Amino acid sequence: MTNLRKTHPLMKIINDAFIDLPAPSNISAWWNFGSLLGVCLVIQILTGLFLAMHYTSDTLTAFSSVAHICRDVNYGWLIRNLHANGASMFFMCLFLHVGRGIYYGSYLFKETWNIGVILLLTVMATAFVGYVLPWGQMSFWGATVITNLLSAIPYIGTTLVEWIWGGFSVDKATLTRFFAFHFILPFIVTAMVIVHLLFLHETGSNNPSGLNPDADKIPFHPYYTIKDALGLLLMILMLLLLAMFSPDPLGDPDNFSPANPLNTPPHIKPEWYSLFAYAILRSIPNKLGGVLALLASILVLLVIPLLHTANQRSMMFRPISQTLFWLLVADLIMLTWIGGQPVEQPFIIIGQVASILYFLIIIALMPLAGLLENYMLKWES
């Protein structure tokens, strides 16, 4: 009798995706982040669901309802801390996952990569609308500043902003619709994740060497299920340590004060995971130019596959490209730091140089390094 998991229509899909999936025998811990992201998404949806049971999306009671969750709901403090810090873990895993894709040339699976970039944008949008919900000072002013950027769009900008706000300022209508968006977007993300996996399983996984792994494949279970379980254990340990012992450092102190439209905080800034894009936005003194640069900072990932010039897929054996990659990582850390600083010298010029370098490395230096490495390895053909 054939095993049920190989014949049952539903079990067969799960079997082909997570059990009998042929996987390269040499993929390293950098390939763990896909499963970690899946778990992060499940944690966020579950904790979010329990928070939504007690949260009220009204300007008068939103802040109080979050305080009520932390004080009066059984383990409400833990659910809230897991949700807030879970978002940070989600983005840490996301950035490492994208970085892995760039380093090992996974972006040459174009469909998988493109849906991944759209996923990144959608998750950032979800995090933004979620950050508005506690209705603290930084929630309110963050929402005001970021939505106001759309007014830079010629002709329709102002109308568009007021349409998103549901009035002439960020108010009750804005909070209600942002709560609706924040509830629905994770399910859209889940659907996109399934498409992402669908495209990945069409080609199979890449591997550190960048060579065709078809000659040497092993079943996903038990080899990579146990490997993923170790990564999962470490991530959940980190998340629990954050949520239970140190839940606040990744947030903003201003968000402990209720939203006040009459009092602007001295430094308006988003959460840490958006700071690099915010720094690029601020480095351009023109409003529309800044908005376009902000979009380009993420969308530039879409052109990476088109700019691949090297005859080797992975950077594993390409030291010049490796150097540029780590320069890009350092540059992104620099941009993240600058995004949290006030708009004054020397931070302005540092941000502008770092922004130019970010685009220069991706669009010009990496493709040139690929050509140079081809020449040095006598791979012109």
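Including glycine, each Cβ sits where the backbone N, Cα and C put it.
Copied over from Swiss-Prot, here are the features:
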TRANSMEM  33-53  transmembrane segment
TRANSMEM  77-98  transmembrane segment
BINDING   H83, H182  heme b b562 binding site
BINDING   H97, H196  heme b b566 binding site
TRANSMEM  113-133  transmembrane segment
TRANSMEM  178-198  transmembrane segment
BINDING   H201  ubiquinone binding site
TRANSMEM  226-246  transmembrane segment
TRANSMEM  288-308  transmembrane segment
TRANSMEM  320-340  transmembrane segment
TRANSMEM  347-367  transmembrane segment
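Within its own chain, the transmembrane segment (113-133) has Cβ neighbours under 8 Å at 55, 57, 62, 66, 87, 90-91, 94, 98, 101, 106-107, 139-140, 142-143, 146, 174-175, 178-179, 181-182, 185-186, 188-189, 192-193, 195-196, 199, 270-271, 273-274, 277, 298-299, 301-302, 304-305, counting only residues six or more beyond its boundaries. Looking only at the binding-site residues H97, H196, H201, the one with its C-alpha closest to H182 (heme b b562 binding site) is H196. Of the recorded ranges 178-198, 226-246, 288-308, 347-367, the transmembrane segment (320-340) has the largest number of C-beta contacts under 8 angstroms with 347-367. Taking Cβ pairs closer than 8 Å, the transmembrane segment (178-198) reaches residues 17, 37-38, 41, 44-45, 48, 52, 55, 57, 112, 115-116, 118-119, 122-123, 125-126, 129-130, 132-133, 143 in its own chain, all 6 or more past its ends.
In sequence order, F33, G34, L37 constitute the residues six or more apart from H97 (heme b b566 binding site) in its chain with CB-CB distances below 8 Å. Cβ environment of H83 (heme b b562 binding site): Q44, T47, G48, L51 lie under 8 Å away, each six or more residues apart in the same chain. Counting only same-chain residues six or more apart in sequence, the Cβ atoms lying under 8 angstroms from the Cβ of the residue listed as 'ubiquinone binding site' belong to D16, A17, L21.
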